[in-house]
Amino acid sequence: MQIITLFPIVSALLLALAANAEVYFKEQFLDGDAWKTRWLNSEHKSDYGQFKLTAGNFYGDAEKDKGLQSSQDAHFYATSARFEPFSNEGKPLVIQFTVKHEQKIDCGGGYVKVFPADLNQADMHGDSQYYIMFGPDICGYSTKKVHVIFNYKGKNHLIKKDIKCKDDELTHLYTLILNPDQTYEVKIDNEKVESGSLEEDWDFLPPKKIKDPEAKKPEDWDDRAKIDDESDTKPEDWDKPENIPDPDAKKPDDWDEDMDGEWEPAVIPNPEYKGEWKPKQIDNPNYKGIWVHPEIDNPEYSPDAEIYKFDNIGVIGLDLWQVKSGTIFDNFFITDDVKEAEDFGNETWGATKGPEKKMKEEQDEKKRKEEEEKNKEQSTEADEGEEEEDEGEEEEEEEDETDESPEEEGDPDALPKDEL
Ligand SMILES: *[C@@H]1O[C@H](CO)[C@@H](O)[C@H](O)[C@H]1NC(C)=O
């Protein structure tokens, strides 16, 4: 009975909790051209690529799936949107958006950067200081990863784990969760792909322990497990020549000593040769084991419970380079509530992914049939004796991949630069 009477109260409480979710930023591009008043293109360079609003070549919903699409090949892009500044102190921070590389991306960024509110948006560029960089990055076959970069005390730190990103042409949902207990989680399509702790998975702090600089291996430390057996001696008959004259060799009948010189038989390896003599090995009675360098607490290390904290979050931006353009960014969502973000992901990406895939498959099937028809016609024409070049192959597949992402892997300072 009590459970039943409590139920409305509990639900009301849950509702209240859900309603408490703070949504700092939400952008679905549902109001036509109005996004242009919210997103500001950087003027740091004069030739940034243009984003256009479109749902692309295939989609689940012609209106809802409209997002910002990069529209010029081999261009840098730099645009950003502002929101009421906030601090994530003591609260989770969730950054989420969708990416669709419908162009079969060869090389280009698909990530967002989250900036301090004092960013000069009109001058945003590759070196502008940011708090967080998150999302997929693809270049050739070797780079297909999800970046998770945090700025800590003015320096950018890359995650040490390798997180693979999606590389197909469909829309995918990327979510980063940063918790005040200094743990994090990365989700793709609302499923966890990586998680852990900030301290372990990035090099924010110097190591906790270091080798004691005072400690040295004692001079008389014997780390030889085996030694020569002193009582062992070389047998008298050990030494034999390594090579001997071939006993089967015969002087050829027509050998002329005047002409050919003195005949000598060829040499062959001596079957009795035993190599260099070495004494037997015995256990070393003085063996002390491998010397282990003692460690001490690193005086440079001091724990920091606020690595996760960003005081003045206020701008989200797309600052990236693309060789083959066509990527669509949509459904940006920044909140302090993990479930709210999951819900939003379900309502947006979750609702349109099925129909989108279906439309794509139908288009692919139609294309395949057209190719087939074309090839059939051509082979009939060829049979009729006409010479015909085979144009059935897509020539667009061969894209130049020499353009490298402006990013150098592994080096935390080598972040996307637009001044190359
Ligand atoms: C989102 O959708 C998935 C799959 O349908 C479901 O398991 C999950 O509970 C949903 N999340 C929310 C917050 O409703």
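Just so it is clear, glycine is given a Cβ too, placed from its N, Cα and C backbone atoms.
All TrEMBL annotations are machine predictions without curation.
Keep in mind that what you see is a predicted model, and the values were worked out from it rather than measured.
Feature annotation from TrEMBL assigns Ca(2+) binding site to Gln28, Lys64, Lys66, Asp330. Look at TrEMBL and you will find Cys107-Cys139 tagged as disulfide bond. What TrEMBL lists as region 'Disordered' is 197-258, 345-420. Here TrEMBL flags 209-253, 354-379 as compositional bias 'Basic and acidic residues'. Here TrEMBL flags 380-412 as compositional bias 'Acidic residues'.
TrEMBL feature annotations superimposed on the structure.
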residue : record              : DSSP (3 states)
Gln28   : Ca(2+) binding site : coil
Lys64   : Ca(2+) binding site : coil
Cys107  : disulfide bond      : strand
Cys139  : disulfide bond      : strand
Asp330  : Ca(2+) binding site : strand
Residue counts (helix, strand, coil, in that order) that DSSP gives for the compositional bias 'Basic and acidic residues' (354-379):
26 helix, 0 strand, 0 coil
Measure from the Cβ of Asp330 (Ca(2+) binding site) and count the other Cβ atoms within 10 Å, all protein chains considered.
25
Same chain, not part of Gln28, Lys64, Lys66, Asp330: whose C-beta falls within 8 angstroms of the C-beta centre of the Ca(2+) site? Give them in sequence order.
Phe29, Leu30, Ala55, Asp61, Glu63, Asp65, Gly67, Asn331, Thr348
Mind checking how the compositional bias 'Basic and acidic residues' (209-253) divides into helix, strand and coil residues in DSSP?
0 helix, 9 strand, 36 coil
Measure from the Cβ of Cys139 (disulfide bond) and count the other Cβ atoms within 10 Å, all protein chains considered.
22
Which entry in the list of binding-site residues, Lys64, Lys66, has its Cβ near the fewest other Cβ atoms, using 10 Å as the limit?
Lys64
Under 8 Å Cβ-Cβ from Gln28 (Ca(2+) binding site), six or more apart in the same chain: what's there?
Lys64, Asp330, Asn331, Phe332, Thr348
Lys66 (Ca(2+) binding site) and Cys139 (disulfide bond), Cα-Cα, nearest whole angstrom:
25
